[in-house]
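Everything below concerns the one structure shown next.
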Amino acid sequence: MNSTPKAVVIFSGGQDSTTCLFQAIQEFGVENVEVVTFQYGQRHAIELEKAAWIAKDLGVKQTLIDTSVIKAITSNAMMEEHEIKQEGNTPNTFVDGRNALFLLYTAIYAKGQGIRTIFTGVCETDFSGYPDCRDVFVKSMNVTLNLAMDYNFNIRTPLMYLTKKQTWALADKLGAFDYIRQHTHTCYLGVEGGCHTCPSCVLREKGLNEYLSEKTSGQKNV
């Protein structure tokens, strides 16, 4: 088996996972990076279309995994036509078990390919109240997968403690700011270019405006 270090990115075609993809490419080289995309029954096909387009455009191998069986056992606004709202501490866009499932399937795939490093774009700084975006969950899952498969995975979460403003700054540092701004899809409602009103769009645009304001201010002070 090839001993060259490789990485796989859990990839949705959104801002966060695309930022992780650019970081993985910078660290490992584009020829040593793959992406895994999940069809979990999401309401809008645009998410899958964007992911496929970006993977092809950047020249990385994409593997699509169907986990839509989850739709048969849980209900939420990401997969069904429900109004997006907060339910207690967790919004109804939360898909129970999604990130656990994504990490498990990605790890199974990665081991078969001889890959140890897994990138995921989860974040608990500006996170939407999703329990499976927390660092404690990812670290726990890393230990569980290592024990379950007798294999040393390294789950990387480069965005874990970054605000959205800082995530835009990282994209800029990676030379991917314009690409991510133009080509990624984040909108919960599936609107091309964003609806500007759903929680995901609001968070993305708030971080973008904060970063651009800070960048412009910094340039004026030089």
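Sequential numbering from 1, following the chain as shown.
Just so you know, glycine gets a Cβ as well, placed from its N, Cα and C.
Around Ser17 (ATP binding site), the same-chain residues at least 6 positions away in sequence with a Cβ under 8 Å from its Cβ are Val9, Ile10, Phe11, Thr120, Gly121. Taken from Swiss-Prot, the feature ATP binding site covers Phe11, Ser12, Gly13, Gly14, Gln15, Asp16, Ser17, Thr18, Thr19, Cys20, Leu21, and the record attributes it to sequence analysis.
What Swiss-Prot records for Cys187, Cys195, Cys198, Cys201 is Zn(2+) binding site. In the three-state DSSP classification, Cys201 (Zn(2+) binding site) falls within a helix. Non-local neighbourhood of Cys201 (Zn(2+) binding site): Thr186, Cys187, Tyr188, Gly194, Cys195, each in the same chain, at least six residues away, with C-beta under 8 Å from its C-beta.
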Expressed in Å to no decimal places, the gap between the Cα atoms of Thr19 (ATP binding site) and Cys198 (Zn(2+) binding site) is 21
In all the protein chains shown, the tally of other Cβ atoms within 10 Å of the Cβ of Gln15 (ATP binding site) is 25
Smallest number of other CB atoms within 10 Å: among the binding-site residues Cys187, Cys195, Cys198, that is Cys195
Between the C-alpha atoms of Gln15 (ATP binding site) and Cys198 (Zn(2+) binding site), the distance in angstrom, to the nearest integer, is 15
